[in-house]
Amino acid sequence: MNERISGRQFALMAAYVAIGDSMLVLPSIPINDAQQNAWISALVGLAAGMMVVWLLSAAGRLYPHLTLVQAAEQLLGKWIGKAVSALFVAYLFLSIGAHTREIGDFLTTQMMPETPIQAIHIMYAGILAMAARLGLETIARTGEFFFSFFIVFLAAFILFLIPDIKLNNLLPVLDGGIKPILRGSITMTAYPFMELAVLLMAIPAVRKPQAIHANFMRGAFMGGAVVLLIILLSILVLGPDYATRSIYPSYALAKKINVGRFFQRLEVILAFMWLLTSFIKSAIFFKVLQTAIAQTAGLRTEKRLELPLGMLVVCFSLIISSNIIDFHEADHYWPYMDMTFSVILSLVLLAAYAIRRAARRKGTTGSGNKGKD
Amino acid sequence: MVAIAGIVLTAVLIAMLEVPAMRKRRLKKELFLFFAILLLAAGIGIAQSLHITLPNPLDWVAAVYGPIGRLVDSALK
Amino acid sequence: MARKAAWLFIFLLMLSPILSGCWNRRELNDLAIVAAVGIDKAKDKYLVTVQVVDPGEVASRRGSAGQSPVSTYHAVGGTVFEAIRKMTTSTPRKLYFSHLRIFVIGEELARQGMGEVLDLLSRDQEGRTDFYITVAKDTTAQAVLNVLTPLEKIPASKLYASLEVSAKSWAPTVAVQLDELITNIVDPGIQATLTGVTIRGDLEAGNKKKNLESPDVPTRIQYKGIAIFRGDKLVGWMNEEESKGYSNITDQLHSTVVETACPNGGKMAVEVIRSKTSIKAKIRDGKPEAEVIMHTEANVADVECKIKLTKSSTLYELENAAGAAMQKHAEHAIVKAQRLKCDVFGFGDAIHRAAPGYWKHNKDNWDEQFAKMPIRFKVNVKIRRIGTIGESIMNDLKE
C-alpha cells in the first residue's frame with residue numbers, strides 16, 4: 001500500500017465509519033428495546049465499543065506496515081491466512097451491499113418513493129467505484145474537508161432542537177431492569193465500533209505508526225459520541241414511542257426543527273449529512289475490499305477491479321432482501337458477524353502472535369500457527 | 001428486455017474501458033478475476049431482470065449467526 | 001488516451017438522459033397544495049375533504065377574478081388513502097400534503113374511534129408533524145373546511161394561527177400536533193385531548209364570498225371546548241372553565257384572563273403572564289394520590305369595581321381570589337375527567353415516573369384508579385404589577 005494519510009485523517013476516518021449509517025438507522029433499535037433508557041444502552045455500547053477499538057488497535061499494531069490480510073498470512077500461515085482473508089472479503093462485500101441498500105431504502109422511503117431503487121444503487125455504486133479508483137488518500141481528504149461542515153450542521157441541529165426537549169421523557173430511569181438496556185447496547189456496540197475493523201486494512205497507510213492508537217481511539221470515541229447524542233436527542237424530543245415507531249428517527253427529529261417559523265423544513269440537510277457519512281464509510285469499505293481482494297489473490301495491481309465490483313455490489317444490494325422489513329430482521333444477527341470479524345479476529349491474531357513469539361523464544365523455528373477453528 | 005440489454009451493454013462497456021490497459025500490462029490474474037466478477041455480476045443482473053429467484057447470501061449469514069442472535073435475545077429477555 | 005476519453009464521453013452521453021430528471025420530480029404547477037384535510041364518517045366509509053390553495057388568488061393583491069382563494073374537494077373511500085386517490089378524478093392536480101396546516105376530524109368519527117385515520121398521515125413521507133388537529137363539534141369536518149374567513153385568505157391558515165394564538169393567550173384551547181396525539185393515545189398514563197371547532201352562524205352563507213362582504217362576518221369558524229378521549233374514542237367535552245383548568249394542570253397555560261370577584265362586589269380581571277404547573281404523584285397506603293402545584297405570575301388588567309388597588313393587602317387578597325378561581329377551574333376539569341374515567345392530565349405518567357413498580361402492576365386499569373384518586377392543589381399566585389394606572393376611575397365615579 002503506497003498511500004499516505006495523516007494521523008488526523010485516520011481519526012476522522014474512524015469517526016466517519018463509526019457514525020456512518022448508524023446516525024440514521026441505529027437509534028430506533030435500542031429505543032425499541034430499552035425505551036426511554038436507550039441512552040444508557042448507548043453509553044454501555046460506547047464503553048464496550050471503546051474496548052473493542054482498543055483490541056482492534058492492538059491487533060493492528062502488531063505489524064503496522066502490513067494490512068490485515070498481509071498480517072493474517074504472516075501470522076497464520078499462507079493458506080489459513082488466505083482463508084481468513086477470503087472470509088473477510090466476503091464480510092466486507094456483504095457490508096457494502098447492506099449499506100448501499102440502506103441508502104436506497106432511505107431515499108425511496110423519505111424522498112423519492114417512485115424512483116426505482118436500482119437507479120439510486122447504480123449511481124451510488126458508480127461513485128463508490130470512482131472513489132476507490134482515486135484512492136484512500138483522496139477519500140480521507142474528502143472526509144476531512146467535509147467534516148467541519150458536518151460538525152457545524154450537527155451543532156446547529158442540536159441547538160435548534162433544544163426548545164423541544166422534554167426532560168421528562170427520560171424518566172423513569174431503569175424501570176425495566178438491566179436486561180433491556182443490554183439488549184439495546186448490542187447493536188450500539190456492533191454497528192459503530194465493531195465495523196471499525198475495516199480500518200485494520202488501512203493502518204499501513206498512516207504516516208506515523210505511533211499515531212495510530214491515539215487517533216483510532218479518538219476518532220471512534222467522537223463518532224460514538226455523535227451517535228449517543230442522536231439517540232439521546234431522539235428520546236428527549238420525540239419521546240420513546242414515536243422514536244421507536246419511526247424507521248428513521250433522526251429524520252423525524254429534523255422535521256421538528258422550527259425556529260421562529262423561519263428555520264423549518266431543514267430535514268433535507270440532515271439527509272445530506274447522513275449521505276455524507278454513509279458515503280465515506282462505504283467508500284472506505286469499498287477501497288478496502290479492493291485492496292483485500294488484490295492482496296488475497298496475490299494480484300500485482302489492485303486497481304482496475306472497481307467497476308466489476310461496483311456492478312456486483314449493485315446486484316447484490318438488490319438480492320439482499322425483497323422488502324425493508326426483511327432487511328431489518330438482520331439487526332438480530334448482523335452484530336454477531338461484526339463481532340466475528342472484529343473481536344474474534346483480533347483475538348486470533350493476537351494469540352497467534354503471542355504463540356509465535358513464545359515459540360521463537362524457545363528456539364524452535366516451527367510455524368506455531370494456531371489454526372483457526 | 002431493455003434491462004438485459006442495458007446490463008450486457010454496461011458489462012461490455014466496462015470491459016472495453018479496462019481490458020486493453022490490462023492486456024497491455026499482461027495482468028493475467030487480474031483479467032481472470034475481472035471477468036469472473038464481471039460475468040457474475042452480469043449473470044445475477046440478468047437473472048434478476050428475468051425475475052428468477054436467486055439464493056440470498058443474507059440467508060446464509062442468517063443461518064450461521066441466527067442461532068446466536070436468538071440465544072442472546074432470549075437470555076436477555 | 002484519446003481513445004479512452006472518447007469512450008468515456010460516449011458513455012456519459014448515454015447516461016445523461018437518465019440523469020436529467022429523476023423519476024420522482026414533480027413540477028410545482030403539477031401540485032395542488034393541501035392546506036387542510038377533514039375526515040368524516042360516511043356510513044362505514046370515510047368522507048375525506050381537502051382544502052386546496054389557489055395560489056393565484058392568494059398572491060394577488062386585488063383578489064382578481066373574484067374566485068375563492070381555496071377550493072375544496074371531497075371523496076368517499078373505504079380507506080383514507082383510497083378516498084384521497086379517488087379525489088384525483090375531480091382535482092386538476094395531484095395533492096401535495098407537506099404544507100398541511102389543519103386536520104379536522106368529524107365528531108361522529110371521533111366518537112367511533114379516530115385511530116385509523118392517523119396512520120396515513122404519519123406513514124406518508126410527505127407528511128410532517130407540524131400541523132394541528134381538531135375535532136369538528138356539532139358539525140362535520142367537511143362543513144368546517146368550506147367556510148371562508150376574513151383577514152386570512154386561506155381558512156386553514158386562519159385556523160392554524162387562531163389555534164396557536166388562542167392556546168397561548170386564552171387557554172381553553174390546546175394546539176395538538178400529530179406526534180403528541182399519537183403518543184397520548186398510545187400511552188396508558190395519559191389520555192388524548194383535542195380542541196373542538198364549530199361554525200357559528202349560517203352554514204350555507206359561510207361558503208360564499210358574500211360571507212366576507214360585511215364587517216360582521218355572519219358565519220365564523222370558532223374554537224370551542226376541548227374534547228376528552230378514551231383511547232381514540234371521543235367520550236366527552238369540557239366547557240370553557242374546565243378547559244382552562246385542563247390547560248392549567250397540564251402546564252399548557254401561558255397566558256389567560258382570570259376573572260375574580262372584587263371583595264366589595266363587582267368583578268375584575270387578572271392577566272396571567274407566566275404559569276408553571278407541576279404534578280407530584282405518590283403512592284400512599286397502596287393507593288395513588290397526587291398534588292398539583294401551580295406557580296402563577298399575573299398582572300391586574302381590568303378593574304371593574306371599587307377597590308383600593310394601591311394597598312398591597314389588596315393585592316394579596318386579589319392573589320388569593322385569583323388563585324381560588326384558577327383552582328376552581330382546575331377542580332372542575334378534574335371532576336369532569338374523573339366522571340368520564342379518563343386521565344387526560346397525565347397523572348398516570350406522573351405515577352409511572354414516581355413509582356415505576358406500582359405502575360407496572362396497575363397501568364391496565366389506571367383510569368379506574370384515576371377516577372377515585374384524591375388530588376390536592378397548591379396554588380401560588382403572585383400579582384406583580386397593575387398596569388399603567390393606579391387607582392381605578394371606578395372609585396371616583398359618582399353613583
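Using the three backbone atoms N, Cα and C, a Cβ is placed for every residue, glycine included.
TrEMBL: automatically predicted annotations, no manual curation.
Computed from a predicted structure; not experimentally measured.
Here's what TrEMBL has on this protein:
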TRANSMEM  A:12-32  transmembrane segment
TRANSMEM  A:38-58  transmembrane segment
TRANSMEM  A:79-98  transmembrane segment
TRANSMEM  A:118-136  transmembrane segment
TRANSMEM  A:145-162  transmembrane segment
TRANSMEM  A:182-203  transmembrane segment
TRANSMEM  A:215-238  transmembrane segment
TRANSMEM  A:268-286  transmembrane segment
TRANSMEM  A:307-327  transmembrane segment
TRANSMEM  A:333-355  transmembrane segment
Maximum Cβ pairs under 8 Å to the transmembrane segment (A:118-136) - stretch from the list A:215-238, A:307-327, A:333-355: A:307-327
Listed stretch, out of A:38-58, A:79-98, A:145-162, A:268-286, A:333-355, that has the most CB pairs under 8 angstroms to the transmembrane segment (A:307-327): A:79-98
Candidates A:38-58, A:79-98, A:182-203, A:268-286, A:333-355; stretch with most C-beta pairs under 8 Å toward the transmembrane segment (A:145-162): A:268-286
Beyond the flanks of the transmembrane segment (A:182-203) by at least 6 residues, Cβ under 8 Å: 1, 5, 10, 13-14, 17-22, 26, 29-34, 37-38, 41-42, 44-46, 48-50, 52-53, 56, 59-61, 64, 67-69, 71, 92, 95, 136, 209, 212, 216, 220, 223-224, 227, 231, 281, 284-285, 288, 291-292, 331, 334-336, 338-339, 341-343, 345-346
For the transmembrane segment (A:79-98), sequence-distant contacts whose Cβ falls under 8 Å of one of its Cβ atoms, 6 or more beyond its ends: 68-69, 72-73, 128, 195, 198, 282, 285-286, 288-289, 292-293, 295-296, 312-313, 316-317, 320, 327, 330, 334, 337, 340-341, 345, 348, 369, 371-372
Long-range environment of the transmembrane segment (A:38-58) - Cβ separation under 8 angstroms, sequence gap at least 6: 14, 18, 27, 30-31, 170, 173-174, 180-189, 192-194, 196-197, 199-200, 212-213, 216-217, 220-221, 224-225, 227-228, 231-232, 235, 240, 342-343, 346-347, 350
Among the ranges A:12-32, A:215-238, A:333-355, the one whose Cβ pairs under 8 Å to the transmembrane segment (A:268-286) are most numerous: A:12-32
Contacting positions for the transmembrane segment (A:215-238) when only residues 6+ beyond its ends and CB under 8 Å are counted: 7-8, 10-20, 22-23, 26-27, 30-31, 36, 38-39, 41-43, 45-46, 49-50, 53-54, 56-57, 60, 154, 158, 161, 164-167, 169-170, 188, 192-193, 196, 199, 206, 246, 249-250, 252-253, 256
